[in-house]
């Protein structure tokens, strides 16, 4: 302990006394106390609470602001960040609208992706998901008529021309999409089958190619077997061989065909028919052997030349017995020799089937122009096209003139509704060296009647032959005036290449457990494919809550949820070799809802309390080390389930600090020592110090949650979260305003000296001329509130010293160096009993409060006179020895109650006000009943003659006064502001009473009846330096509803216009209420400019400069006297023995610092 002499203490205070009077003025700091955890100053702004998720920006000084202003309700939001830009997708489930928002830092844009008015898609949008690895968003669609069917679509969020592409279909419901490090997505849910779309040999509905009038062969009878034309030589579309006796059909395909069979259709009304035919290979003229089923004998037979056709069947099939793979084929048909020149063969249609295909491409000659219903495929075009070069891998057509208006359309023979995939075949350009001549093509797929087409931009400069997926999903069959088709258009000035289109029927893969992994290739010309993980089939998708990749460079997964098997409980690990592994200690004993992977550490949250074997207590949250393979707790966990884990990096004191953030259904987290830290369902863990962070230590307030958005522009801190309020300051029930204009911290340093589980209820300043303060702190323990009185240093964050226990409702009375703690306690019979404790701050001892304890009833108001001897109590009170009613006076030095002369039979005093600085009389505001049954609401007490009497103007007050405040203009001129309830209407009123007794209504631009007012104060302009008004102001505190219906916890009013002073918030983001306003006399640390005030006294007639000059002379004389005594003291001290002073104030401060 340091050694101090009384001499040096006197020297110190003499110097402070001198500096104070020469450089400072006395001012009053103001503290607002109430039920709040954060606040804004001179602002009532708060966050939009309509959205389930929002986006915020934090500046370097720590303040938060809303980044995106949207007004959608019932919304889902996800985001994707790509190359420093943020893309936000908003789903309004009620309106069935999906919007894409982007460019928030420059020119914000909003683009509609889906809407109920957009008829391009069937079903209802049920959910959206965003890929955090690639700039893709996904949407799931469900169908009212197919409740067990879900479609998944996706789109690139960076494209201004959004192209929606079908991703997958499942038979069942999709719950979640998890995006993994190996460019894949895990789809989980309750489904049994999934359509892979990547099968190249699936059932083929139709396959057709481009057809030009300028065909490859000059023979007018040649036909393209992949397109459809009509033989217009006969109105009945029948072939007439009478002139030559032979019809030769030369058919070619623009791709190699593995021919399987030929089908001949007979024309039912024909009397004659084709009798014989041969199939010939045009390359060498050889006849191809065929087999067929003889309808007359029932036996299978073989033929080559003059294969016989039978006309009594609708159709007849002939199979290629030795296989035939080629681009072309020729069919030569002969009559029966009896036909005349005008007869016709009764053959209506001819079809060619590929091997392993369930459907066909056709050449039926039965399109609509021929008078038939049109059950065949066809193609059409506009513009000029030329044949490909001879070196091409297959014959194709290319647009002759770049930039010319052109189009190509393909009409498949789809007769019934189905789900399919449409693919465009692009011939490779390296074979004929045409890559530089090719550009892009726009593909529009018209899949259903009255629906907008699905559009895709396709790059045609493909090195090798490949199929490109244009569309997957529903395909409507022929209906009234509609058939599905594909339209190709050149993009910009590109030369369009056209070849063929194929339509594949969707095939499904069995997924019995509802969990499948899919490759999410971002190559638009490739299809996604299923990744086989046999080990994953041991887990059900409906039991999975999270799947996360590990950051070890391999494709390793943690999978969690609500399951139990041979690999452990609720969490398993799958390595890169597709082997499942259990976690140590048999996993966790409850469901796991979320995983967050950070380096070697993985954080788990859920509804578990221990490891699976019960050996390690975790309490809803755990950390797992991949290296040591050990579980560890975070402090002592939380008091409720954790639902989400992420990272949150925040600016604190101008530096970025990184935390692991947790969200869930909890309101406390526990330190390793067992201390509880209050939260609002969101808390931060510091992995460096391995400790929980209390919100007020961050320097700003959070009523909700904030998570980092990785990949966004590093010059900004952007977060995803939901804050029900945005406040600049975090605190525990207190906001402090200093008269020092340089002090704008608003949070007293002693707040952070208290443990986070202690809430500040009241403060007082019992120590004269020093920085010590008394604080009433409360805490909740086992649903019971306990409190204590602490001493702390108002200028240093020294750990406070606990003095004595108290009640949570206790309040302070200060008499110089004596602190009185009192509380209004109600017993089981609702009888109020007051408890008093007196503590002397100089002797550190308790005083006698027996006489004080004789006061009965509820205390509403307490003031002390300037002698620190008389305590004035107001309330619903009585004291037997003095006979006081409602208003009682306790003389502290004599420890007795003063007898007051009055004729009241009942009284309840709400406010006590000194009338002027002479301390000779005071106003008593409340409700009073005289022995004559008359009622008053404002009385005056004269201290000199000890009487209570009516005052001028009181009869005009409309009802009981709840609060009163007095503004003094001079010794005899003042105004009293009265707030109360009217007797006639029970509405609240605000009136002003002047010193002459005149009373008038005082209107402010607030909603008085909707407001809760707990304090009314008059302040001078220098008392709260942050208020930009150089005039006296009225401050209303509580919960004030302003004229625009916004709320503030305290407002300042000038000329009857009110503006927010303090907007406080509770833990849940609701508006906080100020309960009490405490003023402290303090020294200003910087010189203040004093404004001269002229007096009202005529016999002086001069400004108060005279008083100031006289005061300065007196101070100078006093300083000379004290300086002389100091010289004497120095000589005495030099020749004297030095003795320790153990009870001086400095040593007391040192004691606090060491505790």
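Keep in mind that glycine also has a Cβ here, set from the backbone N, Cα and C atoms.
Noted in Swiss-Prot for the protein shown:
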type     : residues  : note
CARBOHYD : 161       : N-linked glycosylation site
CARBOHYD : 182       : N-linked glycosylation site
CARBOHYD : 213       : N-linked glycosylation site
CARBOHYD : 306       : N-linked glycosylation site
CARBOHYD : 419       : N-linked glycosylation site
CARBOHYD : 554       : N-linked glycosylation site
CARBOHYD : 743       : N-linked glycosylation site
CARBOHYD : 807       : N-linked glycosylation site
CARBOHYD : 876       : N-linked glycosylation site
CARBOHYD : 899       : N-linked glycosylation site
CARBOHYD : 916       : N-linked glycosylation site
CARBOHYD : 945       : N-linked glycosylation site
SIGNAL   : 1-27      : signal peptide
TOPO_DOM : 28-1105   : topological domain 'Extracellular'
TOPO_DOM : 1127-1155 : topological domain 'Cytoplasmic'
TRANSMEM : 1106-1126 : transmembrane segment
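Feature annotations (Swiss-Prot) mapped to structure.
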| residue | record | contacts (Cβ under 8 Å, 6+ apart) |
| --- | --- | --- |
| 306 | N-linked glycosylation site | 276, 277, 278, 334 |
| 419 | N-linked glycosylation site | 169, 195, 472, 473, 474, 475, 505, 506 |
| 807 | N-linked glycosylation site | 787, 823, 825, 835 |
| 876 | N-linked glycosylation site | 832, 857, 858, 860, 886, 908 |
| 899 | N-linked glycosylation site | 882, 883, 884, 946 |
| 916 | N-linked glycosylation site | 968, 971, 972, 974 |
| 945 | N-linked glycosylation site | 901 |
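Confidence in the topological domain 'Cytoplasmic' (1127-1155), given as mean pLDDT, stands at 45. Taking the Cβ of residue 182 (N-linked glycosylation site) as centre and 10 Å as the limit, one finds 15 other Cβ atoms among all the protein chains shown.
In the three-state DSSP reading, residue 807 (N-linked glycosylation site) counts as coil.
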